[in-house]
Amino acid sequence: MFSRAIKPVASVAAQNGLKNFSTSSQKNFKVVVAGAAGGIGQPLALLLKQNKLVTRLALYDIAPVTPGVGVDLSHMDTPAKVTGHQGPDQLADAIKGADVVVIPAGVPRKPGMTRDDLFNTNASIVRDLAACVAKNSPKAIIAIITNPVNSMVPIASEVMKKAGVYDPNRILGVTTLDVVRAAAFIGEINGVDPQTVSIPVIGGHSGVTIIPLLSQSKPAVKLSDQGKIDALTKRIQEAGTEVVKAKAGGGSATLSMAYAGARLTGSVLRGLKGESNVVECAYIKSDLTEATYFANPVVLGKNGVEKNLGFGSLNDYEKQLLKAAIPELQKNIKTGEDFAKK
Ligand SMILES: NC(=O)C1=CN([C@@H]2O[C@H](COP(=O)(O)OP(=O)(O)OC[C@H]3O[C@@H](n4cnc5c(N)ncnc54)[C@H](O)[C@@H]3O)[C@@H](O)[C@H]2O)C=CC1
Ligand SMILES: O=C([O-])CC(=O)C(=O)O
């Protein structure tokens, strides 16, 4: 009798359209993909639609096809309810109630361009999306894929600061593709399943700021001399350019990025749910080096980044890589902060 008369807090909240703030583990999450009609956005949404922790999937983009992408995905027989939102007038609705906002909105590279060449176009896109999150879902975890990641995370952070809702543990730059690539290449070299390879990639997400810690690979990388270690390091640093060249003007990595983005988002959700020991590399606010944002392994928990695991000890070669990365990171961070403070 009582069980019918006294409704659990969670279901009352759900009936009123409110979030479930009970202390038990939340297992139903709203994820927003901003830039959902793009080369990354569409396959990322496809993968997220298959994640059982996602019960609401909001797809936002300025492209006219966006509502159609939503309708298309909504026919999949998985639980997530999909909604499509096109244009700035529909952005707030997409963002409201979000637990995680993943941002692949913005232009990709063409051959001959650096990621920094994307700054002028992408900076205002990320700024405006972050401002909408600050207003409509200030507690959402923001995962930024848009390049240059090294500068976009500082921009989003400054926007949240201005709005008075900044929490450094809730803003992540997505560097998962660097980890995925490193594991893929090492798996091939060692002749093992890449999914059994654990390899931290630290620093940032462009050229020399990408620092794969090959000395910490598990299993150890089967490379006999330093020249080969150097070549593998450079391949990982330049893997994005390898794809840009191979696509010959047709854009940059989309499918592998969608895979990596879905993995990172899934890990964020597992952390939010209360699972312990969820570890991913991510580019976050940091005081580990002279660069005020830095990527390395972190534990993801109920409030985003729960613990910064640092990067352990580096060998002499890796120390040199770090030394080369820091000034570049500092420059990228300043560019982002200066833009946001204007
Ligand atoms: N973090 C990483 O490891 C990686 C990052 N990227 C970056 O991801 C970004 C997206 O790449 P792609 O999906 O290949 O590009 P794309 O051009 O295929 O898709 C971008 C989408 O963003 C949308 N868009 C543009 N302005 C928008 C706005 N104001 N609000 C919402 N959506 C907007 C476009 O309409 C388009 O659908 C690029 O900046 C690229 O450099 C790409 C690969 C890896
Ligand atoms: O290289 C690019 O422009 C896209 C990217 O960030 C990557 O593939 O790592």
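Here, residue 1 is simply the first one shown, and the rest follow in order.
Heads up, the Cβ atoms here are built off N, Cα and C, so glycines get one too.
With Arg109, Arg115, Arg181 listed by TrEMBL as binding substrate, the candidate from Asn28, Asn51, Asn147, Asn277 annotated for that site turns out to be Asn147. The candidate list Asn122, Asn136, Asn169 contains one residue that TrEMBL assigns to the NAD(+) site with Gly35, Ala36, Ala37, Gly38, Gly39, Ile40, Gly41, Asp61, Ile145, Thr146, Asn147, Met257, namely Asn122. Across the domain 'Lactate/malate dehydrogenase N-terminal' (30-173), DSSP helix (H, G, I), strand (E, B) and coil residues number 64 helix, 30 strand, 50 coil.
According to its DSSP assignment, Arg181 (substrate binding site) is helical. Annotation note: Met257 (NAD(+) binding site) sits in a helical segment as assigned by DSSP. Spanning the residues Gly35, Ala36, Ala37, Gly38, Gly39, Ile40, Gly41, Asp61, Asn122, Ile145, Thr146, Asn147, Met257 that the record associates with binding NAD(+), the maximal Cα-Cα distance equals 18 Å. For ligand 1, the binding-site residues lying close by, meaning a CB under 6 A from one of its atoms, are Ala37, Gly39, Thr146; the full candidate list was Ala37, Gly39, Thr146, Arg181.
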